[in-house]
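Shown next, in structure tokens, is the structure this report addresses.
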Amino acid sequence: MGGRRRLGPMKATAEAPPTYTAGVLPSHRPPSFPYPRTNFGASNIGVERDEIAKLFPCLYGQPSAAVVPSAEPVETKPLKIGVVLSGGQAPGGHNVICGIFDYLQERAKGSTMYGFKGGPAGVMKGKYVELTTDFVYPYRNQGGFDMICSGRDKIETPEQFQQAEDTVNRLDLDGLVVIGGDDSNTNACLLGEYFRGRNLKTRVIGCPKTIDGDLKCKEVPTSFGFDTACKIYSEMIGNVMTDARSTGKYYHFVRLMGRAASHITLECALQTHPNVALIGEEVAEKKETLKNVTDYITDVVCKRAELGYNYGVVLIPEGLIDFIPEIQKLIAELNEILAHDVVDEAGAWKSELEPASRELFDFLPKTIQEQLLLERDPHGNVQVAKIETEKMLIAMVETELEKRRAAGKYSAHFRGQSHFFGYEGRCGLPTNFDSSYCYALGYGAGALLQFGKTGLISSVGNLAAPVEEWTVGGTALTALMDVERRHGKNKPVIKKAMVELDAAPFKKFASLRDEWASKNRYISPGPIQFSGPGSDASNHTLMLELGAEI
């Protein structure tokens, strides 16, 4: 992919806006157009969507929008726009804000932009800072969310919606941009519906953020931050691969952040070629047990030992446990038992477990048993995210290898090293792709607000092409919605995009993993590059999903 460059601060604010001609765009800019206007696409209406229509009577059925060239000048007026960062960090968030800011400076001169501090709580409490050229400048192309900080609060009660209304009215906002993941954009849609129902002038636009890669659809090909995080993790995986080959005696078990979906693990596997990469969605599809997973890893260890390789790398998705039904059943039983009883050291409480669950509990390493019993959340439930799956699998593989050793089927040595790569990837310097993609998302959000759109998520398409050929628009948030039954009520949620086993990225991985298991096909990609060959390359998952060859 050529033509993509990082969006430097010198270009963004120190110069007057460049003169555009149709079809020719400056390379340091996201795709934008002379006198942009919006075209409407088809709305997403279906019989099965009736419940969504009931929940969003004001927004449901509105079409998507595309920013397209217009030969005629468009009359503009100054706007007052707010922006909020919601949820966990992801590389590139600052460039989304910069994209909105620059659009307002160039296309709606005299506009004012506010950044709400600390996430949605800032909207409810009216805590904000006015964003100026000097204030924004140091954060261009930088990682983190420290410009205005983020938070995990939700605007969901009637009182909280009223607080948000009071804030946008007090600031006389024309628009609010919510930068966040699936939950945050669900909240953005609810807020847009509320504002529209109250006849407020404030429109709401979302932007897709999450390193987990689970917020995407045809119109929104990827969430920002995924590209950067995967490349950071892949560098670290490549480092331990080199360590494994250098010492010849360690198996590195690496658990990767990513919530329930296995997108990060799959992408890092495509970038680095580990000996084993577990994909949670495949485990669920095949209804594999914990013993099945353990035996698979152990088989690879034994096969490699026969070839003289007593080392390797195993990638594990953070959400693996969520895909193993027997573990979920055990956790549910433990939650029920521990809510009413105290665990006794003699283990009499185990009699309350069903036989299969008790057998599984006894099968688990002692350290994991303790985590299941002691690591509870404020509601008394097991904190699944804190279970160190990598350590659990090391212990279980060790146990299985000892059984095989006793049976004369294994005679080598196994040494496991555990790692968790997670927070390291959330705030790194964004890649060239994420820098440009985020800026384009923000620039597009500014255009959508200028033309009065609400309840849309900013979307950028044609991502396999050079940046000058990208397309910009907005997709109806209600089109991404699903309905879940919670606490006896239907609740709208943006459905998480899981790894699809019949899609190109997984098929590519599946076609190569047997070779990776027995042979050393390691790739150590090294640090993210910002110039030179390969610096503009996007991630494998996105390119394969878009039909490109890699």
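Including glycine, each Cβ sits where the backbone N, Cα and C put it.
Nobody curates TrEMBL annotations by hand; they come from automatic prediction.
Counting every protein chain shown, the number of other Cβ atoms lying within 10 Å of the Cβ of Asp212 (active site, proton acceptor) is 26. In the three-state DSSP scheme, Asp212 (active site, proton acceptor) falls into the coil class. What TrEMBL lists as active site, proton acceptor is Asp212.
Positions annotated as diphosphate binding site by TrEMBL: Gly88. In three-state terms derived from DSSP, Gly88 (diphosphate binding site) belongs to neither a helical nor a strand segment and is classed as coil. Note: Gly88 (diphosphate binding site) has non-local neighbours Ser150, Arg152, Gly181, Thr210, Ile211, Arg426, i.e. same-chain residues 6+ apart with C-beta under 8 A of its own C-beta.
For Asp182 (Mg(2+) binding site), applying a Cβ distance below 8 Å and a minimum sequence separation of six or more within one chain yields Thr210, Asp214, Leu215, Val493, Ile494, Lys495, Lys496. According to DSSP, Asp182 (Mg(2+) binding site) is assigned to a helical segment. What TrEMBL records for Asp182 is Mg(2+) binding site.
Residues or ranges marked as substrate binding site in TrEMBL: Thr210, Ile211, Asp212, Lys249, Tyr250, Met257, Gly258, Arg259, Glu318, Tyr423, Glu424, Gly425, Arg426. Same-chain residues at least 6 positions away in sequence with a Cβ under 8 Å from that of Glu318 (substrate binding site) are, in sequence order, Arg255, Leu256, Met257, Gly258, Arg259, Ala385, Thr389, Gly422.
Annotated domain 'Phosphofructokinase' per TrEMBL: 80-333, in sequence order.
Within 10 Å of the C-beta of Asp183 (site 'Important for catalytic activity and substrate specificity') we count 17 further C-beta atoms, all protein chains included. Summarising the annotation, TrEMBL assigns site 'Important for catalytic activity and substrate specificity' to Asp183.
When other Cβ atoms within 10 Å of the Cβ of Lys209 (site 'Important for catalytic activity') are tallied across all protein chains shown, the result is 32. Per TrEMBL, the feature site 'Important for catalytic activity' maps to Lys209.
Within 10 Å of its Cβ, the residue among the binding-site residues Thr210, Tyr250, Gly258, Glu424, Arg426 with the fewest other Cβ atoms is Glu424. When the recorded positions Asp212, Tyr250, Glu424 are ranked by how far their Cα is from the Cα of Asp183 (site 'Important for catalytic activity and substrate specificity'), Asp212 comes first. Looking just at the domain 'Phosphofructokinase' (80-333), the mean pLDDT is 97. You'll find the Cα of Asp212 (active site, proton acceptor) roughly 28 Å from the Cα of Tyr250 (substrate binding site). In the three-state DSSP reading, Tyr250 (substrate binding site) counts as coil.
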